[in-house]
Amino acid sequence: MGKPIVAIVGRPNVGKSTLFNKLAGKRIAIVEDTPGVTRDRIYAQAEWLNHNFTIIDTGGIEPESEDIIVAQMRRQAEMAIEMADVIMFIVDGKEGLTPADNEVALMLRKSKKPIVLVVNKIDRIEEEDNMYEFYNLGIGEPTTISASQALGLGDMLDKIVENFPKGYQDEEEDEYIRIAFVGKPNVGKSSLINKILGEERNIVSNIPGTTRDAIDSFLERDEDKFILIDTAGLRRRSKVKDQIERYSTVRTYAAIDRADVCILLIDAEEGISEQDKKIIGYAHELNKALMVVVNKWDLIEKETNTMNRFKKELQSELSFMSYAPYIFISAKTGQRVGKVLDLAKECYTNYSKRISTGVLNDVISKAVMMKEPPIVAMNRLKIYYVTQVATKAPTFVFFVNDPRTLHFSYERYLENQLRQSFDFTGTGIKMEFRERKE
């Protein structure tokens, strides 16, 4: 089971995005007073009392509207509700109970999901009595907050985590390697997965996942066990852009969140899109293992350097993940399809790699001897020792005299030395510099 998912639901303009930003800890959504406003990201990670969970801002639900954009937003909100473990139903304590609130409540009750009723915009203690009319929704005891002033959020979050699925934190990590296939619609994700499954003999099962997870395929090959996560269910069913475009990646984000390895599938004829970069950039931010598969390579007219030229263009577009390997395939003809899982396994192995402290310090000592740190602010960085503190992605802590004397170019040099000494193909590595007195 992945992290719990909490959907923030309510009619327009009740303060959902303001609350979303408070819980996410940073401003990552544009907040305006116009119903249906476009927002940049609706999916973020949050934490409360050692409970890590995912929050989704569903946008405003207007049950009776015939507007095509609003109707599409309503359908996407319903999808988020299906995915959610807990629903936060936000209402406006200043405006009071409205017929639209009753319509939303009716829809939420049908979901049979745990619902926490939150009365927002209670900015002063004398406004607390405004919550009582919301008992008429039949959802239970309301919790009052002021999202803009961050009042009452602790009590609200206590109620949220109380409703998380029992035992989700107790499950041991299983031995499956989870691989998410992401990319634009019609790029060939399903075809590639079907080809991989068709070429392997030891398929355990091929079952429909929950509404949250699209379709998971379970595969055993030799000593390895894989879960192939297909996000092919993502289809933008409308040509309408702006407001609804942001919803097209919700399930992809959920798949990335569960994955160890993320495969970005690119159509060789169409190239990479801004949406591709946003999606794989999110996986990079979460420190997932990454690789790029260029599909439909059979359709490209080729010269001697076509592949290298194409790869260089992609690497330029995806410069933030220079560590990712590339493979050019045709899911239709089967060209190089058999190598996709091999490369994903290699990325996962490097993603999970642990280096002994002794070997690590030998490499860094030699690196410092070859090139001393530059003098910064009249002082020179001195590295006492380094140790690896985590895997998935490999994380290294350098104990130094003064982290402020670290120049960004020397940090890049140290990372390059680690990559030259150890194979970290397919995975980012994290480096932290902490002060330690000599």
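Yeah, the Cβs are placed from backbone N, Cα and C, and that goes for glycine too.
Owing to the predicted nature of the structure, the values given are computational and were not obtained by experimental measurement.
Residues or ranges marked as domain 'EngA-type G 1' in Swiss-Prot: 4-168.
When Cβ atoms from all protein chains are considered, those within 10 Å of ILE122 (GTP 1 binding site) total 25, not counting its own. Under the heading GTP 1 binding site, Swiss-Prot lists 10-17, 57-61, 120-123, citing sequence analysis as support.
As annotated by Swiss-Prot, domain 'EngA-type G 2' applies to 177-352.
For 183-190, 230-234, 295-298, the entry in Swiss-Prot reads GTP 2 binding site. DSSP gives THR231 (GTP 2 binding site) a coil state; it is part of no helix or strand.
What Swiss-Prot lists as domain 'KH-like' is 353-437.
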Mean predicted confidence [pLDDT] for the domain 'KH-like' (353-437): 94
Cβ contacts within 10 Å for ASN13 (GTP 1 binding site), all chains included, total 16
Can you check what DSSP calls LYS189 (GTP 2 binding site), collapsed to helix, strand or coil? helix
Looking only at C-alpha atoms, tell me how far THR231 (GTP 2 binding site) is from THR58 (GTP 1 binding site), rounded to the nearest Å. 19
Shortest C-alpha distance to ASN186 (GTP 2 binding site) - which of the binding-site residues GLY10, ASN13, LYS16, THR58, ILE122: THR58
